[in-house]
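Reviewing the structure listed below.
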Amino acid sequence: MGRPDPEEGQLPAPVKPPDGGWGWIVLFGCFVITGFSYAFPKAVSVYFKELMKDFHVGYSDTAWISSIMLAMLYGTGPVCSIMVNQFGCRPVMLIGGLLASAGMILASFTTNIIELYLTAGVLTGLGMALNFQPSLIMLGTYFDKRRPLANGLAAAGSPVFLSSLSPLGQVLLEKFGWRGGFLIMGGLLLNCCTCGAVMRPLDMGMKRKMGKAQDKYEAKEMLPIGGKSEEGISTTDGTKKAKKGKKKPKKGKKLLDFSIFSNRGFIIYTISKFILVLGLFVPPILLVNYAKDTGVPDTEAAFLLSIIGFIDIFARPACGMVAGLKWVRPHVAYLFSFSMLFNGLTDICSARASNYTGLVIFCVFFGISYGMVGALQFEVLMAIVGSQKFSSAIGLVLLIEAFAVLIGPPSAGRLVDALKNYEVIFYLAGSEVVLSALFLAVASYCCLNRGKKKEPPPENNPSAGGGSDTEEAESDVQEAEEHSSDNHQPAHSTDNAVVAANEEANHVAEEQSGEGGGCPAGDREVLARDGCNTDQTVERDSF
């Protein structure tokens with residue numbers, strides 16, 4: 001069956017997230033982008049020893065390459081938001097893919113560490129940032145009911161790519177050297193352009209045609225006679241164009257919507273996320289060195305990260321499925337809080353692990369909790385602000401997280417150098433994560449749930465809480481309803497005239513009744529037979 005024809009009396013429905021179809025292609029593109037964005041800065045570390053030899057620098061100097069990449073990924077969030085709001089997701093992602101690839105290709109020709117910072121660090125980091133944020137926005141556009149599952153599957157790209165890019169980098173380093181490896185890695189990043197190309201926006205044609213089709217439909221209903229029908233259609237079309245012209249300034253999109261800071265849920269989420277990032281990334285960064293200090297061989301120590309990655313691959317989609325359950329999704333913020341609490345307690349409980357078995361157990365539980373956090377972090381943000389404001393919200397959140405990323409791991413490293421004790425670092429990191437979990441749960445309960453109980457429930461607000469793409473569609477429907485009421489006005493005025501005429505006739509009949517002693521008997525019988533009453537008061541119909 002084809003799409004209903006509006007002219008046959010069927011009005012087109014507002015565009016809604018399809019929760020499937022082409023959305024699965026968009027999901028795969030987001031999976032690839034997420035994998036490159038999170039795994040690439042870590043996978044580049046396999047080249048650090050060769051860079052130290054060629055450029056005669058220390059480990060801390062080469063480590064700045066990964067740090068700059070992550071800083072660009074987080075710190076350029078507002079810039080990405082502005083570009084997405086101005087140009088759309090697909091063009092921004094295509095430009096980002098070209099920049100990321102160009103950065104690694106140019107890095108293969110560098111002659112000093114500063115040039116590496118500018119190419120592999122700044123240029124590639126900016127390119128990945130321009131891909132990462134728009135891909136999440138498109139994912140929220142295509143999925144609504146299945147969005148938790150979609151976020152979990154997309155987040156699984158990070159551990160999958162980390163477990164594949166690091167061995168691939170080692171092979172490329174052995175066969176082609178670091179310059180050849182950078183060149184091939186740059187070619188791989190061109191796949192970001194392919195992922196950007198599949199991010200086509202939802203068909204907005206139905207939204208644009210909805211108002212016009214509804215006007216034609218109502219004009220035909222009210223003016224069914226040939227010439228008058230066409231005249232009514234042309235009149236409503238002209239009115240529609242005039243109203244569109246007046247409404248254009250209202251629909252202008254803000255480059256960066258700071259009104260989200262008036263949302264208490266967003267403020268609570270941002271503060272909690274800042275505290276979380278201070279301690280979340282510290283244990284996996286220090287885990288290998290911690291294991292070596294306890295006497296674990298190098299190969300077995302490196303395998304610990306593989307355990308975390310393997311568990312993480314399955315934890316993220318599974319958590320996404322759980323978050324999508326009907327009785328869980330309304331409380332997804334509390335599930336996110338539980339995952340953070342689980343992660344923090346894992347850090348604290350494993351601080352005294354002194355053998356390889358204890359570290360393996362820690363990696364299993366850390367992989368589960370870390371995967372839960374990764375699967376839920378953006379789902380909670382979408383649920384709080386909605387998909388219409390998500391592009392601005394994620395940019396501002398990533399900018400704030402950038403400061404935490406630059407504070408947390410470096411501070412932990414300095415404490416290790418000063419104290420020569422990893423236990424304190426694990427206690428500190430775990431305490432920060434637990435604090436963020438408790439803050440999110442308590443603040444959400446006290447500030448949001450109690451506020452909802454005091455405020456009366458909003459009437460007919462389908463976009464509340466779920467983050468569905470309905471705001472623009474609602475405005476078009478309201479506009480069509482305004483035209484509908486305008487088109488009914490001539491009919492109303494005609495009915496009012498009839499009512500007024502009936503009232504006047506009744507008034508005359510009453511006067512005649514008073515003067516002549518009422519209607520003749522024959523006339524009364526006719527009126528009674530016709531169902532009329534000269535004493536009856538005519539009331540207006542309600543419209």
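Cβ atoms here come from the backbone N, Cα and C positions, even for glycine.
TrEMBL annotations:
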- 21-40: transmembrane segment (TRANSMEM)
- 23-448: domain 'Major facilitator superfamily (MFS) profile' (DOMAIN)
- 63-84: transmembrane segment (TRANSMEM)
- 91-110: transmembrane segment (TRANSMEM)
- 116-137: transmembrane segment (TRANSMEM)
- 181-202: transmembrane segment (TRANSMEM)
- 228-248: region 'Disordered' (REGION)
- 266-291: transmembrane segment (TRANSMEM)
- 303-325: transmembrane segment (TRANSMEM)
- 332-353: transmembrane segment (TRANSMEM)
- 359-378: transmembrane segment (TRANSMEM)
- 390-412: transmembrane segment (TRANSMEM)
- 424-448: transmembrane segment (TRANSMEM)
- 452-543: region 'Disordered' (REGION)
- 469-479: compositional bias 'Acidic residues' (COMPBIAS)
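Highest Cβ contact count with the transmembrane segment (390-412) among the listed stretches 21-40, 116-137, 266-291, 359-378 falls to 266-291 (criterion: pairs under 8 Å).
The transmembrane segment (266-291) shares the most Cβ pairs under 8 Å with 424-448, out of the stretches 91-110, 116-137, 181-202, 332-353, 424-448. For the domain 'Major facilitator superfamily (MFS) profile' (23-448), the model gives a mean pLDDT of 84.
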